[in-house]
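Engineer: Have a look at this one.
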Amino acid sequence: MAVVNANYLKLKAGYLFPEISRRVNHFLKDHPDAPLIRLGIGDVTEPLPAACREAMIKAVEEMGDRATFKGYGPEQGYSWLREKIAAHDFQARGCDIDASEIFISDGSKCDTGNILDIFGDSNKIAVTDPVYPVYVDTNVMAGHTGEANDRGEYAGLVYLPITAENNFTATLPSDPVDLVYLCFPNNPTGAVASREHLQAWVDYARTHRAILFFDAAYEAFITDPAIPHSIYEIPGARDCAIEFRSFSKNAGFTGTRCAFTVVPKGLKGYTPSGDAVDLWSLWQRRQSTKFNGVSYIVQRGAEAVYSPEGQTQVRQLVSLYLENARLIRDRLSKAGMAVYGGVNAPYVWVKTPNGMSSWDFFDTLLHTCYVVGTPGAGFGAAGEGYLRLSAFNSQANVIEAMARVVATLG
Ligand code: MLT
C-alpha cells in the first residue's frame, strides 16, 4: 500500500491562483465574449527586454556549435552571473555579499519552499497575515503545522497581522520564534519596511538565534530612497538572514525562469543539542543533490539585465508597471475607495466597499466589470475585507479596468 503524505490533506482547497482561474474559466464558459482584464495573479505582460532576448539568441547559437556547446553548468550557477549580481545588487548598495554566497535557481517560489529541506521540523514559524500563500502551504506540506481552523489558520504557525490599523507593520512576536518569513515590498499589501523596522527584526533574530527568510522579489519597484532593497543593508543581517530574489517581476522572467537565493557564509543553524551548523553548506548540498541548475541560455539572458542597455530597459518596464499602480490608486481613491500600497510595489491593496467580503467583491468585479482581482481572504484571515489589484498589464487595460470599476462603484 502506497501511503500518501497526509499533510497534503490538511491543505485548504486549491492553491489560491488555480482557484481563481477555476472561477474565471467557469465565468468564461457562460460569457465567452466577455472582454476580461486580468489584474489578479502578478504575472507580467510586457515582452522581455531586448538586451535579454539578444543575449539568449546568442547563447542558443553557442549551444549549436560543438566548440561552444555547454552541458551541465555549475550547480550554483555560472560565476559570471553571480559576480554581476553580487556587484550590482549588493556591493553597490554597501552590502557585504560575495558571488560565492549566491545560488542561481529557477524561481523564488521554489526556493522559499525548498529552503525548508535544510531546517528541522520543530521550529516555531512566524508568517504575516495576510501572506504569500506559498510560505504557509509549503510548511503544511512539510508537516510543520496542525489542521486549519474555520478562518484558514493552521495550528502551530504564529500569525502576525498586518492591516491598515498597524500600518502594515507586524508587531514582533512576544514568544520566541525560530523562522520568520518577511516579504518586502510586500505581496500582497504593497507595503514597504523601513530601515528601523528591519533593524528590529534583525536584532530580534540575533537575540533568539532565529533565521529571517527575506523575500525581496519586488525590490526593483522601490521608489523611496530611504527604503532598503536588501536585508543585508541592515547591520547584523549576515548573521540571521537568507534573501530570495527574482528576475520575474523586474525583467519579465515569469515564463523564462531565473532567480537567486543568498545564503551568507558563516550563517548558522543549530542541531537539537545546540551545536552550530553552517547553513551555506547544507543549502549547497541540497541544491547539488536535488537541482541541476538553470539553463545556460536563461542565465545569459539574466546576465544581460546588468548591461547598460539591460538596466535601462528594466527600468522602463518597472516604470510602466508603477505608472499602472499609480493609475489604479488615483482612480479608486478619487472614487472614494481606501487604497494602500502601489507606490513602491506593483500591488494595490484595496479595502472592499461597504464591508463586502473579499470573495463577494471579487465576484462583483468579475461579473459586472469583467475585471479579475485577487480576494484578500485568499492571503489569510486578516486579508478579509480587502482585494489585491496587480499593476501587471498594459496601461490601456488598466485605464479601461478602472473606468469600469469606478462606473460600477458610482
Ligand atoms: C502573485 O500573484 O502573488 C505572484 O504571481 C505569485 C508568484 O510570484 O508566485
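Glycine too: its Cβ is placed from the backbone N, Cα and C atoms.
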Engineer: Which of ARG195, ARG238, ARG257, ARG300 shares the pyridoxal 5'-phosphate site with TYR72, SER108, LYS109, TYR132, ASN187, TYR218, SER246, PHE247, SER248, ASN292 per TrEMBL?
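Structural biologist: The record-listed residue among the candidates is ARG257.
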Engineer: Could you give the mean pLDDT over the domain 'Aminotransferase class I/classII large' (36-403), rounded to a whole number?
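Structural biologist: Summing pLDDT over the domain 'Aminotransferase class I/classII large' (36-403) and dividing by its length gives 97.
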Engineer: Out of the recorded positions I have (TYR72, ASN187, SER246, LYS249, ARG388), which ones have their Cβ sitting under 6 Å from ligand 1?
Structural biologist: ASN187
Engineer: Between all pairs in TYR72, SER108, LYS109, TYR132, ASN187, TYR218, SER246, PHE247, SER248, ARG257, ASN292 (listed as pyridoxal 5'-phosphate binders), what's the biggest Cα distance, rounded to the nearest Å?
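Structural biologist: The widest Cα-Cα gap among those binding residues is 34 Å.
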Engineer: Let me know the DSSP-derived helix, strand or coil state of LYS109 (substrate binding site), please.
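Structural biologist: SS state of LYS109 (substrate binding site) = helix.
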Engineer: Which of these recorded positions has the least crowded Cβ, counting other Cβ atoms within 10 Å: LYS109, LYS249, ARG388?
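Structural biologist: Candidates: the recorded positions LYS109, LYS249, ARG388. Fewest Cβ atoms within 10 Å: LYS109.
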